[in-house]
Amino acid sequence: MAAETASGYIQHHLQNLTFGRLPNGDWGFAHTAEQAKEMGFWAFHVDTLGWSVLLGVVFLFIFRLAAKKATSGQPGGLQNFVEVMVEFVDTSVKDTFHGRNPLIAPLALTVFVWIFLLNLIDLVPVDYLPMLAAKITGDEHLFFRAVATTDPNATLGLSISVFALIVFYSIKVKGIGGFLGELTLHPFSSKNIVVQILLIPVNFLLEFVTLIAKPVSLALRLFGNMYAGELIFILIAVMFGSGMFLLSALGVALNWAWAVFHILIITLQAFIFMMLTIVYLSMAHEDNH
C-alpha cells in the first residue's frame, strides 16, 4: 500500500472510502483522512454501503436459489445448509419470542445471515481487497475498508432499524397511551395522584435511558468486537512487512490462530445481535410492562 510507515499503514487501513463535499465546494472522494473528516455528517462511506448491498444481494440469491431447487426427495448440499439455518433461527424465535407475529422469524433470519456475511469478510487477508480496489481504480492511495461492521455507521444503521421496529410494535400492540404509560408510570408508582405526577419525570428519565440503551448497545457491541478483530489482523499484517524472518514467521502463525478464533467471534456476534433483536421485539409485544 501507499503508506510507508507502520502507523501510516494502520491508519490507511482504518479509513473508509468517503464521498462528500470537498473544501472547494465540489463533491468527490476524500484523498486524505483530514478531507474525509472535513466532509462532516453528510459524507458517505461508499465501501460500507457497497459491501452491505452486495452481501445483502448474495444472501437473497443463495436463499432464492435454494428455494427454487427445493425437492421432496434427496436434498442437495445448498438446500441442507439453508434448511439448517432456517430451522435454527425458527427454533430460536419460538423459544424466545412470546408474541404472535409472522414477520419476526424472517427478520431474525435476515439479521443473522446478513451480519454473518458482513463479518465473514474480515477473514480475507487485510491487503487483498484494498489492493484489488486500488488496481481497478488506478489509485494506489485509495482508501478501502471491506468489513462494513467495523464502521459504526453501519452498525448504528442496523440497530436504529431495530429500534424503529421496537417503537412501532410497542405502539401497535399497547397503543400510544400504553407506550407512554410504560415510559412515565414505571418503575416507580404511587396511589397518591400528586406523588405519581411528581414521579413522572423520574420514571421517564429512567425508562428513556433504558429504551435508548437498546440500539446503542446493539451497535457498539457489534462494532467494538469487529473493529478490535480487524485491528488485530492489521497489526499481524504489520509483522509480515517488518522484513525480519522471525517476526514474519510469527505473523503467519498468529494470523492462522486468530483467523480460526475469529470464526467464533464472527458467528457469535451475528447470533447475539439476532437474539437481542428477538428479545427486544418480544418485550415490545408484551401487554404488561
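Each residue, glycine too, has its Cβ placed from N, Cα and C.
Some features that Swiss-Prot has for this protein:
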| type | residues | note |
| --- | --- | --- |
| TRANSMEM | 43-63 | transmembrane segment |
| TRANSMEM | 104-124 | transmembrane segment |
| TRANSMEM | 160-180 | transmembrane segment |
| TRANSMEM | 193-213 | transmembrane segment |
| TRANSMEM | 232-252 | transmembrane segment |
| TRANSMEM | 259-279 | transmembrane segment |
- With a Cβ cut-off under 8 Å, give me the same-chain residues at least six positions beyond the ends of the transmembrane segment (259-279) that come close to it. 89, 92-93, 96-97, 104, 107-108, 111-113, 115-116, 119-120, 122-123, 149, 158, 162, 214, 217-218, 221-222, 225-226, 229, 233
- Contact ranking winner - 43-63, 160-180, 193-213 against the transmembrane segment (104-124), Cβ under 8 Å: 43-63
